[in-house]
Amino acid sequence: MRAEARGGLERFCSAGKGRGLRALRPFHVGDLLFSCPAYACVLTVGERGHHCECCFARKEGLSKCGRCKQAFYCDVECQKEDWPLHKLECSSMVVLGENWNPSETVRLTARILAKQKIHPERTPSEKLLAVREFESHLDKLDNEKKDLIQSDIAALHQFYSKYLEFPDHSSLVVLFAQVNCNGFTIEDEELSHLGSAIFPDVALMNHSCCPNVIVTYKGTLAEVRAVQEIHPGDEVFTSYIDLLYPTEDRNDRLRDSYFFTCECRECTTKDKDKAKVEVRKLSSPPQAEAIRDMVRYARNVIEEFRRAKHYKSPSELLEICELSQEKMSSVFEDSNVYMLHMMYQAMGVCLYMQDWEGALKYGQKIIKPYSKHYPVYSLNVASMWLKLGRLYMGLENKAAGEKALKKAIAIMEVAHGKDHPYISEIKQEIESH
C-alpha cells in the first residue's frame, strides 16, 4: 500500500504511539484532509423512521421494509444496498418481536462479520489501515471488560447464528475488543447519537487533547478537517474524548477506554485545569481538602446520574441535577466544569420534558464557559449555540435566535465544511422565521 494512498498524507511510526498519520503538505484551517466511507455501520434503534437505515439521510417520507416494517429507506436503491446486511436482522425482528434486543456493539460486529464474508478484499475505507490490523489491547482488559465481551459473544450467537457463520471463539474475542477500541459514534449537529460505525483510516489517527483535526459525518461518510494550521511533517491528531474536563479526568477516561496516558501540551502544562475547576472567591477561600472532597463528590454524582438515566423519571433526574449544583456551588463557581456537566444534563432533561424556558436558562449559563474551556472549533460549542438558537426561535426571540445560529454556523463551516447539508438546513431555519 503506497504511503500517499490518501493525498498529502502518509502512515508512519509515531514515537511512543505506534502507528500514526502524518501530513506531507500544508493544510489550512477548514481544509478537508480526507474522507472515509464507513466499513460497517448501524443506525441506532431510536432513530428508525427518522433516518435511512442505509445512508443515514434524515428526511420525511422514508419507505419501510415490507417484511419487518422496522427499517426505513430513502428509496429502492438504499434498500437494495442494505439488504445483504439488513437480512441478518429482518426475520429475527419479526419472529422475536420485543425480545429482539442485541446491543448496538453486537449489531455492528455482526455487520462487520458479514462484510468480511461478502467483501474479503481491502475496501476503500482501508487505504491506510485494514480492519484486521486494528489494536485490540486484549492483554490489558480487566475481568469486567472480558465478561462484557463474553456476554456480547453470547448475544451474537443468540440473535445471528441462523444467518452468519462465526469464526472461532478466540477470534470473536479479538474482534469485539477491536470494535470497542476502534468504533465510532455517529452524531448529528446537536450531538445526538445516530449510530455506530467502523472507519478504519480514521482510526489510524492518534489522540491529542489539543487536536489539529476534527471528525464530522455526512451520512455514513466520515470527514476529517483541519482546525489548526498543519505543516508538512506534522502528525495529524484527533481527540478521542470530550475535552471539557481537567487533565486527571481526561487521562482516567483515556486509560479506561484506550489504555494510554496522554502527554500532549495540554496534559503536560495543565494550563486550563485551574479555570476548569474554578473555585468560588469567598472571604475565606475553601481549603485544599474541601476542594478535593467536592471534586470527589462531583465525579461520583456524574457517575450516579449516568446510571440513574436508565431507570429514574425526568423529574427525579432534574432533582439530582439541582441538588448536586446546589451542593457544589458552596465551593465551585458556575464556570467550573463539574457544575457545567450537571447544568448540561439538566438542560437535556428540560428539553426532553419540553420545558423550553428551563432549557434556555441552563443553556445561557453554559455557553460562555464552554467557549472558554473548549478549543476554538468545537462541536460541543457549535451544538450548544445551535440548541440556544433553536430555543430562542421557538420562543419567538428571532434576533437572539439568529445571532446564536450564526455563531453555530461559523464553527460548523470549519468543522463540517461550507457545503454540509446541516449548514443549509440551519440557514433555511433563519430565513423561514
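Cβ atoms here come from the backbone N, Cα and C positions, even for glycine.
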Legend entry - Segment assigned the feature zinc finger in Swiss-Prot (from 13-51, 52-90, 286-324): 52-90
Inset, instruction - Over the zinc finger (52-90), work out the mean pLDDT and round it to an integer. - result: 97
Legend entry - Pairwise Cα distance for CYS55 (Zn(2+) 1 binding site)/SER283 (phosphoserine) [Å, integer]: 58
Legend entry - Nearest-integer angstrom distance between the alpha carbons (Cα) of CYS78 (Zn(2+) 1 binding site) and SER283 (phosphoserine): 65
Legend entry - CB-centroid shell, 8 A cutoff, Zn(2+) 1 site CYS52, CYS55, CYS74, CYS78, site residues removed: GLU53, CYS54, PHE56, ALA57, LEU62, TYR73, ASP75, GLU77, GLN79, ASP82
